[in-house]
Amino acid sequence: MITRLTFDQISTAVHDAYEACKDIKGGQNAHYIPYLANVNSDLFGISLCLPDGRLISVGDTDYRFGIESVSKVHTAILALEQHGAQAILDNIGADATGLPFNSIFAILLENDRPSTPLVNAGAIAACSLVKPHGDADGKWKAIFDNMTALLGSEPVLIDELYHSESATNFDNRSITWLLQEYGRIYDDPKMSLDLYTRQCSLGVTAEQLAISAATIADDGANPITKRRVFGAELTPKVVALMSAVGFYEHSGDWLYATGLPAKTGVGGAVIGVMPGLFGVCAFAPPLDDAGNSVKAQAALKHLMKSLNLNVFSNTHFDLVEA
Ligand SMILES: NC(=O)CC[C@H](N)C(=O)O
């Protein structure tokens, strides 16, 4: 079945989702990273980007916040581009862990594999895979440039967040050394961890993240800059990774409830990708027990329901002029 959607319908749905969810309480800011604990908990924004570059934004969509684990998607794309889909499967994996994002148990259960580039272990391994090998500055430039190409404009490193996170990331240090012991870090371990921590500390806006999600939805072509960022054959791989583990131990419940492949970060962002149709980002700092934004989840759930969208349904959606 083909259903026609207009820009106005999508715009109304975004504004309705904002209104319906703006007063939702519950959850708390990430408390284990001191910088994030102090961000204003009332911030809330939704931004949606269409493949033709039109943006629908409501609320705090130009506030710059820590990208955190949403960056795992961007660097997974870089590693996929540089090494190919098979190498990422062989060296990292694409499995759901069913466990928290920083789980050491998941590494042990998965027979030494980091599981997926979208949990901490696999994301640190992905940073170790980024070329040029052995060159910290060159690798950071590759990560930053790839992020910029996906966002359509530069992110800004939040120094305070980077220092705050570097000083307190004891679990990620343990993960890195365990992976090193298992032969699953493919460059200098300390450098790989530092690159991961730095990418998590990049400041981005909800609007930038929506553009990057729309770039994934648009088969690797950035809808704003029109630049091709990655090969179209990678979109199904990226969407599969997001679907499998985007909400960590709540990934199945999320996908079942919404039908939206999405990825969260403890900075409060959630990005969602409807291939061919749009990319979206909702942002609000308070998180649930799995580290996923309470209000952003509610807003995206509302949006998908009101537009009657689901990536698994047998309905194809065409964006039409009114
Ligand atoms: N889920 C997240 O966003 C976690 C990211 C954070 N930088 C960490 O490694 O703990």
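Note: Cβ is positioned from N, Cα and C throughout, glycine not excepted.
Now, the feature entries from TrEMBL:
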type	residues	note
BINDING	S69, N120, E165, N172, Y196, Y248, V266	substrate binding site
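Y196 (substrate binding site) carries a helical DSSP state (H, G or I).
Mapped onto three states, the DSSP output places V266 (substrate binding site) in coil. Residue annotation for substrate gives S69, N120, E165, N172, Y196, Y248, V266. The furthest Cα pair among them is separated by 20 Å. Each of the binding-site residues Y196, Y248 was scored by other CB atoms within 10 A of its CB, and the lowest score goes to Y248. Within the set of binding-site residues N172, Y196, V266, N172, V266 have a CB atom less than 6 Å from some atom of ligand 1. The Cβ of N172 (substrate binding site) lies under 8 Å from the Cβ of N102, N120, I124, L193, Y196, T197, each of these being in the same chain and 6 or more residues away along the sequence. Take the CB of N120 (substrate binding site) and look out to 10 A: across all protein chains shown you find 26 other CB atoms.
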